[in-house]
Amino acid sequence: MSFLSSEMNWFILQFFLILMFLSFWIKPSRISISKTVLLKYFAEQFEIALKTKKDGPKLLFLSIFLLIVLSNISGLIPNSFTATSHLTTNLFLSVPMWVGFFIFGWVTFTNKMLAHLVPNGTPTALISFMVLIELISTSIRPFTLSIRLMANMVSGHLLLTLLGNSMVNISMFLLVVMVSVQTLLALLETGVCLIQAYVFCMLLTLYSDESDYTK
């Protein structure tokens, strides 16, 4: 059953990509125009957060954003599994990025990274404790980032599943009410999928800014 669920996820992701990036018309359709506008908007947001005009970093975060969005939304389709509700999938995205930022910052800007561990105005007696606290808070960033995404995906999808399972052997009136509530929750969960992917990528851009002092 898990094998079939995995195969269904890959098919759904490919289906979304075909709908988004393949066009069979000479003139762009409304869906194509809407897709282009949304991608340009998010690309501009990442460019502002990264504080750079280079296309490479912007496209990297935009690709991660699209991957997370498609994975989140695919979980709303029945008989499919949300890949981002699994902690290992989120860690696979966050840990390599964070490690790259961390190594780049310490190798290139060693003195500034050391100074970043002690905030301005810290009393001398508390410097050792502040260094320890900053190191711990910096080290757990990829885990908190992954857990946040996982918790939001699991909670919303679990609520939809529980509502769906409660529709067995109920009256027609309650069935209509439950379907209406579940439809509204599904629309809300679609927005949550988009927002959580955006938050995930924006936090990664903030982590990159803290390791790059050339900007």
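Each residue, glycine too, has its Cβ placed from N, Cα and C.
Residues or ranges marked as transmembrane segment in TrEMBL: 6-26, 59-77, 89-109, 121-138, 158-177, 184-207.
Taking every recorded stretch in 59-77, 89-109, 121-138 and counting its Cβ pairs under 8 Å to the transmembrane segment (184-207), the highest total belongs to 59-77. Beyond its flanks by at least six residues, the transmembrane segment (59-77) meets 9, 12-13, 16-17, 39, 42-43, 46, 50, 83-85, 89, 93, 97, 149, 153, 157, 160, 186, 189-190, 192-194, 196-198, 200-201, 204-205 of its own chain at Cβ-Cβ distances under 8 Å. Residues 64, 67-68, 71, 83, 138, 141-143, 145-147, 149-150, 200, 204, 207-208, 210-213 of the same chain, all 6+ positions outside the transmembrane segment (89-109), place their C-beta atoms under 8 angstroms from a C-beta of that stretch.
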